Amino acid sequence: MSASVSATTAHHGLPAHEVVLLLESDPYHGLSDGEAAQRLERFGPNTLAVVTRASLLARILRQFHHPLIYVLLVAGTITAGLKEFVDAAVIFGVVVINAIVGFIQESKAEAALQGLRSMVHTHAKVVREGHEHTMPSEELVPGDLVLLAAGDKVPADLRLVRQTGLSVNESALTGESTPVHKDEVALPEGTPVADRRNIAYSGTLVTAGHGAGIVVATGAETELGEIHRLVGAAEVVATPLTAKLAWFSKFLTIAILGLAALTFGVGLLRRQDAVETFTAAIALAVGAIPEGLPTAVTITLAIGMARMAKRRAVIRRLPAVETLGSTTVICADKTGTLTENQMTVQSIWTPHGEIRATGTGYAPDVLLCDTDDAPVPVNANAALRWSLLAGACSNDAALVRDGTRWQIVGDPTEGAMLVVAAKAGFNPERLATTLPQVAAIPFSSERQYMATLHRDGTDHVVLAKGAVERMLDLCGTEMGADGALRPLDRATVLRATEMLTSRGLRVLATGMGAGAGTPDDFDENVIPGSLALTGLQAMSDPPRAAAASAVAACHSAGIAVKMITGDHAGTATAIATEVGLLDNTEPAAGSVLTGAELAALSADQYPEAVDTASVFARVSPEQKLRLVQALQARGHVVAMTGDGVNDAPALRQANIGVAMGRGGTEVAKDAADMVLTDDDFATIEAAVEEGRGVFDNLTKFITWTLPTNLGEGLVILAAIAVGVALPILPTQILWINMTTAIALGLMLAFEPKEAGIMTRPPRDPDQPLLTGWLVRRTLLVSTLLVASAWWLFAWELDNGAGLHEARTAALNLFVVVEAFYLFSCRSLTRSAWRLGMFANRWIILGVSAQAIAQFAITYLPAMNMVFDTAPIDIGVWVRIFAVATAITIVVATDTLLPRIRAQPP
């Protein structure tokens, strides 16, 4: 067999016997063991490429990959070369602390993901040399004959050669929520993947029936493999925070190195000692660099990650925490994300009228009501009773309990009918005793119905369900609520069907009749005209309970929500209307687009159409990927949610991919940045809120650290330029940076979220971290800080203090001003006093720790010796606190003035 045959042939377009010949196999005996071994060597194992995880060393080294860290490493090395070992130790200590924190948090995220992974190896039933074997799916090769039965996971792409009532749930691959009834009939070559009824795809689940198929593709050549390739090809988009921090760090690095070079140059021009000037230039660089920034970013994101984990959202990559906060569009998969992925009967129509079934999910608790919400006793309505019995007994599904959760084994549609009967009091196990099945006509795509014969005491009864029009052909009468039979009103039944389908419901008809003859005589020839129509059962995969409120919250936050699904447009529209994506009135033109309509759009029309529409139905994985790319090209920050294999490429392409942890596939989880452990779309609302809070706190830290670091650097530059003694020594600057960044700045990461955080629009993705307001605030505070430090330093010297005492005063002034300024940075929109002193207890703890540290460096002899400090008296402290208070008043006034001007007269 040619190695290219399997990959290039449209097997769905050929008759089954031609596919068998093409692959040199046998429809009953399969391949020989020898031929299978040769093909395994030629084609390789039936596996997808394994994603290589970063090694321990690579993950450690990644923590040092930051421009600011590079500068600190160089500065530390040069400082050590100059034999300033204390300074070098402090610099390297800051770098190591940052690396440790980052590594620990990344490891925690990876461990959380590992806990979600289900390491399951599938097996397949294969016929070789006429004998059935069970073997690992990895050993399958093109041409193998595979047997399928209900509950099996399809192990490779199969061209079916025979089947009986075979149905396959392809929702993980195509997004369609209802199982696909398979057959072996050849199809046109251009038939879309979702409509290829004669192919069973790798990774999908057999829900009913049995069959056999020839393997036509394995591993990377399967449709699942094609999606895997799309995942690998999808561009990993930098998060808004990552991109901004990268630019910001490069800008700071260049600016700080420029200032250091300027300092060194000025010192040389003034003929100062080259080594001392060089040391001062390094001190300026170290002082001006916000070395706490990488650590602050890591810790702030880690805190956000921990908060999200408590709300059942596991973050795989730390920057994803902030990305949700800047999201402008959420693309949500319908099945299993906005909906329960549990087909549920919503309404039962009988010739007597419509009856609503309350409740969702598989738990057997329900109330049957009429349209006026009045309870309907089952035994008081014969048609309702027999419709429920038909749905429960003419059924191959099973309702099982897994711990506290109820699950369906088999076809979801049959499961829905089984569940509603159980909810109405008809226990499936008891029915197997009171109405035992003695014969059956299984469902097939040609027959379009299923009928079963049951023993009812000494008589027999026929129960059936199927497509409405097919069941109408089988029914000659209809049953009333009193059990009386009357002529079938076909037109009324069709109108009721149209009414139910217009609500996005899938409708099946039920019927019953008296069984004649023996079970051996029961076949499809005895059914036509012998049944009485008992009702219509209308079902859907209902929206999650909190989906509508979550969508509304996203809209209030200025975030557009779009549904992307492989399901039919009618079903998608109905769900979208229920959750608030579409108005209850007729959807506006262009608000719902199908995959075919998307394919017909020109390149110029495509971006605007995608931006305008709210629902995308019958879309392929490639189209999902292109949709995300088009939205990103329009300037959107895109979050994509999903749980299926078909979602994986778009999950990876999106700025943040959100996978479902409970019902999601492993492919989707691996492609995602965040995994929701409760599979609840509403959790995304909480994640967006946390993400916005994270960015707020990062902004507060930057607002605090930039002026203080710049002030430290400018003090040295000014001293070199003027040619006087340094007000603060390099070692003292390192002390300030090391202690205040940890004890003061990092405490801002624990600030609670601001009021109204979910009522403001998303942040402009193009807005830089270094805004005009921040530049002005930085210049204001750093100027005040430098001026006050110089004033106090000069005052102390002029009033008889020694150089050590004057520098100690300036050192403590820097720290106290930074502590006071910290409170001003707790909110960028409100007064610090309105927040409450104890709203963030970490601030109080940090300030207290910093106070103890300042006492130690000022009054402990050992610290005095290392840092060249000296004790200062109470009068100096009074001056320090007076200056800090004055600066705080100036900053508060600067914060309030814009709001005062903005108020109407």
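Each residue's number is its place along the chain shown, starting with 1.
Heads up, the Cβ atoms here are built off N, Cα and C, so glycines get one too.
On a predicted model such as this, the values are computed, not experimentally measured, just so you know.
The transmembrane segment annotation in Swiss-Prot covers 64-82 (among others) and rests on sequence analysis.
Among the features that Swiss-Prot reports, transmembrane segment is placed at 88-104 (among others), with the record citing sequence analysis.
Counting same-chain residues at least six beyond the ends of the transmembrane segment (248-268), those with a Cβ under 8 angstroms from any Cβ of the stretch are 66-68, 70-71, 274, 276-278, 280-282, 284-285, 288-290, 293, 713, 716-717, 720-721, 768-770. As annotated by Swiss-Prot, transmembrane segment applies to 248-268 (among others), with the evidence given as sequence analysis.
Tertiary proximity for the transmembrane segment (281-301) is limited to same-chain residues at least six positions away from its ends with a CB under 8 Å from its CB atoms, namely 66, 68-69, 71-72, 75, 78-79, 87, 91, 94-95, 97-98, 101-102, 105, 241, 245, 249, 252-253, 256-257, 259-261, 263-264, 267, 318-319, 321-322, 694, 697-698, 701-702, 705-706, 709-710, 712-713, 715-717, 729-730, 733-734, 736-737, 741-742, 745-746, 748-749. The transmembrane segment annotation in Swiss-Prot covers 281-301 (among others) and is backed by sequence analysis.
Swiss-Prot lists Asp333 with the feature active site, 4-aspartylphosphate intermediate. According to DSSP, Asp333 (active site, 4-aspartylphosphate intermediate) sits within a strand segment.
When Cβ atoms from all protein chains are considered, those within 10 Å of Asp647 (Mg(2+) binding site) total 37, not counting its own. Sequence annotations record features per position, and here Swiss-Prot assigns Mg(2+) binding site to Asp643, Asp647 based on similarity to another entry.
Swiss-Prot lists 716-736 (among others) with the feature transmembrane segment.
Annotation source Swiss-Prot lists transmembrane segment at 738-758 (among others), citing sequence analysis.
Through the fold, the transmembrane segment (778-798) approaches residues 706-708, 710-711, 714-715, 718, 727-728, 805-807, 809-810, 813-814, 817, 821, 876, 879-880, 883, 887, 890-891, 894 of its own chain, all at least 6 residues removed from its boundaries and within a Cβ separation under 8 Å. Per Swiss-Prot, the feature transmembrane segment maps to 778-798 (among others); the stated evidence is sequence analysis.
The feature transmembrane segment is assigned by Swiss-Prot to 808-828 (among others), with sequence analysis given as support. Proximity of distant same-chain residues to the transmembrane segment (808-828), defined by a Cβ-Cβ separation under 8 Å and at least 6 residues beyond the stretch ends, is recorded for 696, 699-701, 703-704, 707-708, 711-712, 715, 727-728, 732, 735-736, 739-740, 744-745, 747-748, 751, 754, 781, 784-785, 788-790, 792-793, 796, 801, 834-835, 840, 843, 847, 850, 854, 857-858, 869-872, 876-877, 879-881, 883-885, 887-888, 891-892, 895.
Annotated transmembrane segment per Swiss-Prot: 842-862 (among others), in sequence order. With a cut-off of 8 Å between Cβ atoms, the residues of this chain six or more beyond the transmembrane segment (842-862) that come close are 735, 739-740, 743-744, 746-748, 750, 808, 811-812, 815, 819, 822-823, 826, 869-872.
Among the features that Swiss-Prot reports, transmembrane segment is placed at 872-892 (among others), with the record citing sequence analysis. With a threshold of 8 Å between CB atoms, the same-chain residues lying at least 6 positions outside the transmembrane segment (872-892) that come near it are 780-781, 784-785, 788, 791-792, 795-796, 805, 808-809, 812-813, 816-817, 819-821, 823-824, 831-832, 858.
The 10 Å shell around the Cβ of Asp333 (active site, 4-aspartylphosphate intermediate) contains 31 further Cβ atoms across the protein chains shown. According to DSSP, Asp643 (Mg(2+) binding site) is assigned to coil rather than to any helix or strand.
Counting every protein chain shown, 30 other Cβ atoms lie within 10 Å of the Cβ of Asp643 (Mg(2+) binding site).
For the pair Asp333 (active site, 4-aspartylphosphate intermediate) and Asp647 (Mg(2+) binding site), the C-alpha distance works out to 8 angstrom.
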